[in-house]
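So the structure is just underneath, and the comments pick up after that.
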């Protein structure tokens, strides 16, 4: 099977949307019956994003096999119907770590280890390893051309054209074409300079995707084509749109997929984008609008909750409801500032770490429980829902998590036992930690649902498989008293009897789960828990009115 590689780089500025562009292009090529995978190369020194602050990097997307990866992999999965693995994302730190381990073992037979060839060879090997079962491999290189961190990756993809043949490689450069409102003009000079910098590395782009506030007119695209040495048909205008799900059609309308298929000499059927037409239609046509509050601590960067926000939108599509998402800093609720919660039709508390803002989250859950507002807790959102119920309903004021209070008298939430590097009782003391990265309960795990429960009804099956990312779990030894008071466990892991889902029966909709259902939601299908949560929030609005 001939393998063709499409390398996507970015220029001028960061955050232009290379991930969305790669995912959208992948979706079009997938619709042409091509076998697609997408790889994200991140130039930072961290081994993976698992220990990076969400405020700096955005969410950590967890794959089925338990890899902690860049949030762009979430876009890849949602757009191309393909599950990502640990092979689909690697970093400079990960590559150097691998090479240094080999050096320590003596695998290089005494050679002097250098960026070229050892680091670049390791990068190429990882790319090729991930491409085994695909005939089109899209590779997104993080960062911006000109960054010192990106140089080994750019050199590696330059070499790949030599190794596998230039006819099997396309270089796409995504660049900013700014619109100067005061002059009423689009400026192409930044793109020209960015391409010049790419040429200095030895890479001639084959296609330019030009991000701009407005459509780049033909005469400007001709100018870009002339100065950047690409055909005018290969200069694609990507204007700002109000929905990422419009991007596949926008690229298709400019025949980007035709250009690529002709370049690779692929005889494949035309792309059928009917499913994307349906998504766009659902996004525009709704019967109701509701307000969902996400109570979190990382709200300064909305990307910290990217998959959760997308899953809420997907659920809205399925219910013909427009979901207005409000990001609320949990610390703003700590002084019992319930006014900011009063207009909400549903409250969601997502995953997180640390004790900052916990009081505000506890108060938000209490407000949702007492005022019959639909509540959905995810990961940490389940753990603190249990703490709130134990403190305020059961009357166990000492109930807490050892994450927030290592010496608490009633540790209803405690460290997962017998996990690598975290079985020590003094694990919460920084000096006793060995590794934080990669030491949680990660990836897909089976869960058994209780008969006659809401979750069983929604999933319509007894055994489900969902993705996890947590270091703390419910302490089963202390939970019986809480369960007797009415907080039901309706899902447990098959292997270790871990509490996975809780429900409150005397409430319109109160459900929380230890796993992360947002990672498997798609714009076409949604996710059963999110869909019913939004449905219940819609009912709450009608009742409230």
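The backbone N, Cα and C atoms fix where each Cβ goes, glycine too.
These numbers come from a predicted model, not from an experiment.
For reference, Swiss-Prot has these:
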ACT_SITE  379  active site, nucleophile
ACT_SITE  516  active site
ACT_SITE  518  active site
BINDING   14, 147, 148, 149, 187, 188, 189, 190, 191, 192, 223  CTP binding site
BINDING   14, 187, 188, 189, 190, 191, 192, 223  UTP binding site
BINDING   15, 16, 17, 18, 19, 20, 72, 239, 240, 241  ATP binding site
BINDING   72, 140  Mg(2+) binding site
BINDING   352, 380, 381, 382, 383, 403, 471  L-glutamine binding site
DOMAIN    291-543  domain 'Glutamine amidotransferase type-1'
REGION    1-266  region 'Amidoligase domain'
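Across the structure, residue 381 (L-glutamine binding site) and residue 140 (Mg(2+) binding site) are spaced 33 Å apart at their Cα atoms. In the structure shown, the C-beta of 518 has more C-beta neighbours within 10 angstroms than that of any other entry among the recorded positions 403, 518. Put simply, 72 is the one of the binding-site residues 15, 72, 190, 240 whose Cα lies nearest to the Cα of residue 383 (L-glutamine binding site).
Straight-line distance linking the Cα atoms of residue 14 (CTP binding site) and residue 140 (Mg(2+) binding site), rounded to a whole number, equals 13 Å. When the recorded positions 379, 382, 403, 518 are ranked by how far their Cα is from the Cα of residue 17 (ATP binding site), 518 comes first. In the three-state DSSP assignment, the secondary structure recorded for residue 140 (Mg(2+) binding site) is strand. In the shown protein chains, 11 other C-beta atoms lie within 10 A of the C-beta of residue 15 (ATP binding site).
Taking the centre of the Cβ atoms of 352, 380, 381, 382, 383, 403, 471 as the L-glutamine site, the nearby residues of that chain (Cβ within 8 Å, site residues left out) are 351, 353, 379, 384, 401, 413, 470, 472. Each residue contributes its Cα atom, and for residue 15 (ATP binding site) and the residue listed as 'active site, nucleophile' those atoms are 28 Å apart. Among the binding-site residues listed (148, 188, 471), 148 has its Cα nearest to the Cα of residue 140 (Mg(2+) binding site). Regional average pLDDT for the domain 'Glutamine amidotransferase type-1' (291-543) in the model is 90.
The recorded positions recorded for this entry are 19, 188, 190, 240, 516, and the Cα of 188 lies nearest to that of residue 223 (CTP binding site).
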